[in-house]
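Engineer: I'd like to ask some things about the structure below.
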Amino acid sequence: MKLGYRHIDTAVAYFNEQEVGKAIKDSGIPRDQIWVTSKLWLQDFAYEDAKKAIDLSLEKLGLDYMDLYLIHQPYGKVDEAWKAMEEAQKDGKIRSIGVSNMTPKIWNKFVPNFDVMPSVNQMQFDPYFQQKELRKILAENHVALEAWGPLGQGDKDLFNEPVLKNIAEKYGKDVGQVILRFEHQEGIIVFPKSVHEARIKSNKEIFDFELTSDEMDSIRALDRNGEGRHDPDAPGIKDQLLNAFDVHAE
Ligand SMILES: NC(=O)C1=CN([C@@H]2O[C@H](COP(=O)(O)OP(=O)(O)OC[C@H]3O[C@@H](n4cnc5c(N)ncnc54)[C@H](OP(=O)(O)O)[C@@H]3O)[C@@H](O)[C@H]2O)C=CC1
Ligand SMILES: O=C(O)C(=O)[C@@H](O)[C@H](O)C(=O)CO
C-alpha cells in the first residue's frame with residue numbers, strides 16, 4: 001500500500017482476511033480511499049451459512065462494510081448465496097455484489113434468476129484468453145469485467161511473445177506493463193499480483209503511455225480462446241475446488 005495500491009482482492013478461501021484487515025488498519029489510509037473485495041466460498045452458499053460468512057468476513061477484516069463481495073465459484077446453491085448477498089447489500093454491509101468464474105453458460109443458468117444484476121464478473125483474462133463471447137454478454141448488461149490472472153499468472157510464453165516485446169521496446173516499457181496497459185485500454189479492471197517490490201512498482205506505471213489502435217488490434221489477435229487456461233465449465237470442477245480449499249478447516 002505504501003507503493004500506492006488501493007485495490008485489495010481477498011477471499012475467504014485465501015485464508016488471509018485477518019492479515020488484510022490488520023494491513024489496512026496499520027496503513028493509516030482512510031477507509032474510503034481503499035477498495036476491498038472479498039469472496040464467498042463454495043461451502044457457505046446455503047442462505048444462513050452465507051449470511052454468517054459475510055459477517056465473519058467483516059469481522060476478520062475489521063471493517064463495517066466491504067466495497068465488493070463475490071460469489072467466488074459459481075456452483076451449487078448460488079441462488080441462496082445471492083439472496084443473502086442482496087440482503088447484506090441492502091443492510092449496508094456490502095456496497096456492490098458480483099460474481100466470479102461465470103462463463104456464458106453459467107451466467108445464463110443463474111443470472112436470469114437474480115433480482116439484482118451483478119456489478120462485476122471476475123474472470124481469468126490475459127492476451128491469450130480474451131473472453132470475447134463473455135464480454136459481449138457483460139457489455140449488454142452493463143457489467144464490468146475484472147481480470148484475474150491479468151499477467152497470465154506469469155506465463156513464460158506470454159512474456160516472450162514477440163508482438164508484446166516489440167511494443168514494449170518501442171515505449172521503453174516491459175512486457176508486463178504493455179499487457180496491463182492493453183487491459184486498461186480495453187476497459188478491464190486489473191489487480192496484478194507480485195511478491196517483488198520492483199514488479200509491484202513497475203506494474204502500476206502504465207499511465208504514461210498509450211497503445212495505438214493498430215497495437216491494440218495486434219494484441220487482440222493473440223487470443224487463444226482459453227487454451228491452457230482454467231475452464232469453469234469443466235466436469236468435476238466443483239469437487240476439485242472443494243477438495244483444494246476447505247475454509248472450515250482453520
Ligand atoms: N476469482 C478467482 O477465481 C481468482 C482470483 N484471483 C485474484 O487475482 C489476482 C491476480 O491474479 P494472479 O492469479 O495472481 O495472476 P497474475 O496474472 O497477477 O500473475 C501473478 C504472477 O505473475 C508474476 N509477475 C507479476 N508481475 C510480473 C512482471 N512484471 N513480470 C513478470 N512476472 C510477473 C508473479 O510472480 P512474482 O510474485 O514472483 O513477481 C506471479 O507469479 C490474485 O492475486 C487474486 O486476488 C486469482 C486467481 C483466481
Ligand atoms: O485463486 C482463486 O481465487 C481460485 O479460486 C482458484 O481456485 C482458481 O480458480 C484456480 O485454482 C483455478 O485453477
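Note: Cβ is positioned from N, Cα and C throughout, glycine not excepted.
The model shown is predicted, which means the values in this text are computed figures rather than measured ones.
The feature domain 'NADP-dependent oxidoreductase' is assigned by TrEMBL to 2-223. Look at TrEMBL and you will find Tyr14 tagged as active site, proton donor. Marked as site 'Lowers pKa of active site Tyr' by TrEMBL: Lys39. Taken from TrEMBL, the feature substrate binding site applies to His72.
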Engineer: Taking all residues of the domain 'NADP-dependent oxidoreductase' (2-223) together, what is their mean pLDDT?
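Structural biologist: Reported value for the domain 'NADP-dependent oxidoreductase' (2-223) is a mean pLDDT of 98.
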Engineer: Whole-number answer please: how many Å between the C-alpha atoms of the residue listed as 'substrate binding site' and the residue listed as 'active site, proton donor'?
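Structural biologist: Cα to Cα, the residue listed as 'substrate binding site' and the residue listed as 'active site, proton donor' are separated by 11 Å.
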Engineer: Measure from the Cβ of Lys39 (site 'Lowers pKa of active site Tyr') and count the other Cβ atoms within 10 Å, all protein chains considered.
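Structural biologist: Cβ-Cβ neighbours of Lys39 (site 'Lowers pKa of active site Tyr') within 10 Å number 24.
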Engineer: Where Lys39 (site 'Lowers pKa of active site Tyr') and Tyr14 (active site, proton donor) are concerned, what is their Cα separation in Å, rounded?
Structural biologist: 9
Engineer: Let me know the DSSP-derived helix, strand or coil state of His72 (substrate binding site), please.
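Structural biologist: SS state of His72 (substrate binding site) = coil.
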Engineer: Fewest other Cβ atoms within 10 Å: which of the recorded positions Tyr14, His72 wins that one? Let me know.
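Structural biologist: Each of the recorded positions Tyr14, His72 was scored; lowest Cβ tally within 10 Å is Tyr14.
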